[in-house]
Amino acid sequence: MADPAAKRGPGGAVGDELAQKVKKAKTDDEKDGGEAESDNVLFGFKTCSVLSDSSREKNIFIHGKLADQDAVVIMEKTPIREDVLAEIFSDSSLKLEMRNDIYSTYRLQAPSHLNEIKTTVVCPATEKHVKKYQRQESFLVEETGKDYQSITLPYIQEQCFSVQWVYNILEKKAEAERIIYEDQDPKVGFVLLPDFKWDQKQIDDLYLIAIVHQRDIRSVRDLTSEHIALLQNIFQKGKDAILQRYNLPASQLRVYLHYQPSYYHLHVHFTKLSYQAPGCGVERAHLLADVIQNLQSDSDYYKNRTLYFPLRKDDGLLSKFKEAGRL
């Protein structure tokens, strides 16, 4: 389950506090004769361990210390965009590695401004953040409606997962400049903004999130026919906003909800259909169009339906299912 803190960069009050601590660390180092690089929030980061990495997805997750606080740093190579190809071909340096008949391979060093590494910082990071990014086995859980009431819901309530960062967005206390569309209606309204996984430099991996204004809907399990108007509003206006802003038609969008969700405040994912976004597999994603139709057929569909979802080995909810003899 993704953690909200990992979805948002170190902005707002937390980011300001971190920046101040890093500045102090820089000043102390400079007094000791060291050199510090300006505006580098990762200055002085000390690596504790590599939590996981993927050569296929070209990313790495690192646990370490930043300004005496636990931190998780996520680094990933940015995609190669079509609009910079000419510059890459003309301004890069090439070093031959191998040539055989018609085949040759090179080490290409692109201009520095085209060789970025997208970096997300979670600080201060909790033990939950560290475990979240650690490579672990996953297990498919079968949750009946009764399981939700007796196992999952008490666990959610006991953990008191904070969604204050969501309220900050809805109240324009954070990320207001990133919102690309808003319907302010308290019942059917929502805000639409880019997900942190999308760098907004190309449409191929478009990823946006619609966050509802209502604050009493945790997940699909809370949805009834009373929420159909809300879901239809998100579905239609979200697609319209994406068409207007990015010229991407609805036929090229995947619109879905997660269960289990990454945070317990109802939100809807909008991704480009050709982009294999994390969590878009059948074991976790529920198409919004299907959710609407199911609720039209049965108001209590998601209260009673058996749902399946993956949980990591160290997830506390998985332990609860094991204790109840459901796994």
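Backbone N, Cα and C define each Cβ position, glycine as well.
Lifted from TrEMBL, the feature list:
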type     : residues                                : note
REGION   : 1-36                                    : region 'Disordered'
BINDING  : Trp165, Glu175, Asp195, Lys197, 258-269 : substrate binding site
ACT_SITE : His267                                  : active site, nucleophile
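For Asp195 (substrate binding site), the Cβ neighbour count at a 10 Å cut-off comes to 19, with all displayed protein chains included. Candidate binding-site residues: Trp165, Asp195, His258, Gln260. Nearest to the residue listed as 'active site, nucleophile' by Cα distance: His258. Taking each Cβ in turn and tallying the other Cβ atoms within 10 Å, the top scorer among the binding-site residues Leu266, Val268 is Leu266.
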